[in-house]
């Protein structure tokens, strides 16, 4: 590990880059709230989040160079990777809808993640260590990175669903906000087609409410996360069969990952087959948010099972 010392002061560039990312997210959060309150754009907050993502990218590359393996082998590295994924997912969502509401709702997730990694984890879990033999496999990058990216997309999608409750109160959703996205078009009732030239200007975009936009973007993010989670679970099963001769061992992490998959499968099922929109599917998405927290943080802190990084109760 690269570690500079000056007058008994230790400077770890990897940890410092994580702190820089935390600082930029910390500044971005109140700016997002002020933008929502003032009705201004979120370009400043978006710039800070993008800069934070660049810090995290540099941090992960540096840790990869230091350790010689993909930087996701302990809880600190995985939290930094999760924060990287969350900020990237947030930037993609804001590209689709440039509203300060997205930044105000999504930034706290990334801030808490990198804050937990930087200030709560003990120093021994922040340091890189050689991989155990079972993890020295090409499946490490495939399985773990895909799972972490799925968590990032699902967390951002779920927190956007929570935003549905915050921005529109008891307003009922119109069926026009299709689960397939917010790019629908309708024909204006105030204009008519000229029979001779069939003027296409009569086709005008629907104007969606903030809650409808959040609902649609949440659906898209969760769909992407669910697909990634499915790929991650399948790749994990293949890796487990190669390493231990068993596709599924009902390890605590595996069990909670399956519960997570089922919750989000129910979310997508209700939207696609029952036409649920707004608050009803949002409740399932929020439930999935807490299931991910238990699956990712809760099981790890107990220090049990093959997937745990360990901490409090790990002997």
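Note: Cβ is positioned from N, Cα and C throughout, glycine not excepted.
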Looking at 200-220, 221-241, which one is transmembrane segment according to Swiss-Prot?
221-241
Looking at 38-58, 101-121, which stretch does Swiss-Prot describe as transmembrane segment?
101-121
Distant-in-sequence neighbours of the transmembrane segment (282-302), which means Cβ under 8 A and at least six residues beyond its ends:
75, 82, 116, 151, 154-155, 157-159, 161-162, 164-165, 215, 218, 222, 252-253, 256-257, 259-260, 263-264, 266-267, 270, 308-313
Residues from the same chain, set at least six apart from the ends of the transmembrane segment (72-92), whose C-beta lies under 8 A from its own:
18, 21, 25, 46, 49-50, 52-53, 56-57, 59-60, 63, 102-103, 106-107, 109-110, 113-114, 116-117, 121, 125-126, 128-129, 131, 135, 140, 144-145, 148-149, 151-153, 155-156, 221, 296, 300, 309, 311
